[in-house]
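Working notes, beginning with the structure itself.
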Amino acid sequence: PVQAAMNSQPPRRSGGKDGARYGMVVDLRKCIGCQACTVSCSIENAPPIGQFRTTVLQYEVLDEQQQAAMLSLPRLCNHCDNPPCVPVCPVQATFQREDGVVLVDNERCVGCAYCVQACPYDARFINHETQTADKCTFCEHRLEVGLLPACVESCVGGARVIGDMNDETSTISQLLKEHKEEIRVLKPGMNTNPHVFYIGLPDEFVDGAAMSIIEILTPAYEVAWLPWAVQYFFLVGMAATSTVWVWRCAWSSDSALRRLEPALMIVLLCSSIAAPVSLLADLHQPGRFWHFYAHFTPWSWMSLGAVLLPLFVGLSMANVLAWWLNKRVLWRWLSLALLVSALSILVYSGFEVMVLRSRPLWNTAFLPINFALTAALASLGAILLVARLLPGGVANLPLEYVRRWSLGVVLTLIVVALFWVGSGLLGYSHSFGAAWELFQSYPVWRLGFL
């Protein structure tokens, strides 16, 4: 308990040896998979039971002749030169010191798990006790007093070596020079420039040939975003795309379209209010929502959303109120402002997910477009469901308009999907390649197409 309390203190944003750049070399030829590093790290840093800042995974690697060999692979935060977890943090709780160590300020962290999704190495998790992001810190509290990290100190085979890469006389610098041709890093295609280097790492792990690797002992990765996040994307998509129909109704004198207004306004009001509630519920530290404004981060899409979303909700409620009071002229101009705000919501929500290079299925320009089109279908479906409960039922709706809009959205969605497949077959979309690999490797994906 004492150690856990010590490690729950927020780290200093400045620190470490001046001019240093810490890195680690892991010699897989010396690793025996004993998990001494895992145990010592847990003792030193006291994470919750079942959660680990570092661990040793066990794999069976098949060569071209299908000959199997066992591999022990220590995993931890890579403390990258270009860490994708840092820029996405909406409150700047994740930061990188001058010595290269990436840390988390758990007193500022809101537990949004955006950084967990952004890490391509699955090195982050939400701490069950603090409900904030957690990860390996290179035991920075030990480095600052001249001690080795717990995992390095306890390694039975001496497989882990840490040191200052800017010091040419350091052991790590000598190792990097001596084994220059053998040094490998995980997922080099991510362009993160990781500073955990491996000696003896099979090419299958570098090239991503997943079919040649069989997992023997790997951790059960936890869900980073709670189900509330799924509800948010569903609801905010419905709210944003329904504004197209709101704008059309407000500026049209067609009496048939006016029959659409009651169901449309109910869908807009309910979904625009429920969406931010779902988003707040997804935070592991919802009481810290004000950190989004106290530590505004304009380069994070999630931080931008903290400004755009309240504006959209306010305009949605203003539109409903103007319609209810029959202020048609005011409603027209409010609907135009709402349409612009809805466009910003669709852009923010789509790009918030699209920028995650760690998730190849999401990391495509087709995702925001697909998000908007499928959300449009969902909003039409919601309008039809609500209309059934109103006087006159569905028959009171301008079904000709609804059919025309639905058909247009479906045809556009098909065209976008064909472009996505075509770009993938031509090698321009790595997200299609990731989807095809999942389709081939996992029966549940093939079942989904049925």
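Residue numbers in this text run from 1 along the chain shown.
Glycine residues also receive a Cβ, built from the backbone N, Cα and C atoms like all the rest.
Look at TrEMBL and you will find 1-20 tagged as region 'Disordered'.
Positions annotated as compositional bias 'Polar residues' by TrEMBL: 1-11.
Sequence-distant contacts of the domain '4Fe-4S ferredoxin-type' (22-52) (same chain, at least 6 residues past either end, Cβ-Cβ under 8 Å): 1, 3-4, 7, 16, 58, 71-74, 76, 79, 99-101, 125, 127-129, 134, 136-139, 142-143, 149-165, 172, 175-176, 183, 195-201, 219. The feature domain '4Fe-4S ferredoxin-type' is assigned by TrEMBL to 22-52 (among others).
Long-range neighbours of the domain '4Fe-4S ferredoxin-type' (100-129) within the same chain, counting only residues 6 or more positions beyond its ends whose Cβ lies under 8 Å from a Cβ of the stretch, are 4, 8, 10-11, 13, 16, 20-23, 47-48, 50-51, 75-81, 83-86, 88-94, 135-138, 140, 143, 186-187, 190, 192, 194-195, 221-222, 224-225, 282-285, 288-289, 291-292, 295, 300, 302, 356-359. Residues annotated as domain '4Fe-4S ferredoxin-type' in TrEMBL: 100-129 (among others).
Non-local neighbours of the transmembrane segment (225-251) in the same chain are 113, 117, 257-258, 260-261, 264-265, 267-268, 271-272, 274-276, 278-279, 281-282, 309, 312, 316, 319, 323, 328, 331-332, 334-336, 338-339, 341-343, 345-346, 349, 371-372, 374-376, 378-379, 382-383, 405; each lies 6+ residues outside the stretch with a CB under 8 Å from one of its CB atoms. Per TrEMBL, the feature transmembrane segment maps to 225-251 (among others).
The transmembrane segment annotation in TrEMBL covers 263-281 (among others).
What TrEMBL records for 301-324 (among others) is transmembrane segment.
Listed as Cβ neighbours of the transmembrane segment (331-351) (distance under 8 Å, sequence separation of 6 or more from its ends, same chain) are residues 233, 236-237, 239-241, 243-244, 246-247, 249-251, 301, 304-305, 308-309, 311-312, 315-316, 318-319, 322-323, 367-369, 371-372, 375. Annotated transmembrane segment per TrEMBL: 331-351 (among others), in sequence order.
Beyond its flanks by at least six residues, the transmembrane segment (371-390) meets 233-234, 237-242, 244-245, 260, 262-264, 266-267, 271, 346, 349-350, 353, 396-397, 402, 405-406, 409-410, 412-413, 416 of its own chain at Cβ-Cβ distances under 8 Å. Marked as transmembrane segment by TrEMBL: 371-390 (among others).
If you look up TrEMBL, you'll see 402-422 (among others) marked as transmembrane segment. Proximity of distant same-chain residues to the transmembrane segment (402-422), defined by a Cβ-Cβ separation under 8 Å and at least 6 residues beyond the stretch ends, is recorded for 245, 260, 364, 366, 369-370, 373-374, 376-377, 380, 383-384, 429, 431-432.
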Surrounding residues of the transmembrane segment (263-281) on its own chain - C-beta under 8 Å, 6+ positions past either end: 226, 228-229, 231-232, 235-236, 238-239, 242-243, 245-246, 249, 289, 309-310, 312-313, 316-317, 319-320, 323-324, 379, 382-384, 386-387, 390, 397
Taken over the domain '4Fe-4S ferredoxin-type' (100-129), the model's mean pLDDT: 95
Three-state composition of the domain '4Fe-4S ferredoxin-type' (100-129), taking helix and strand from DSSP: 5 helix, 5 strand, 20 coil
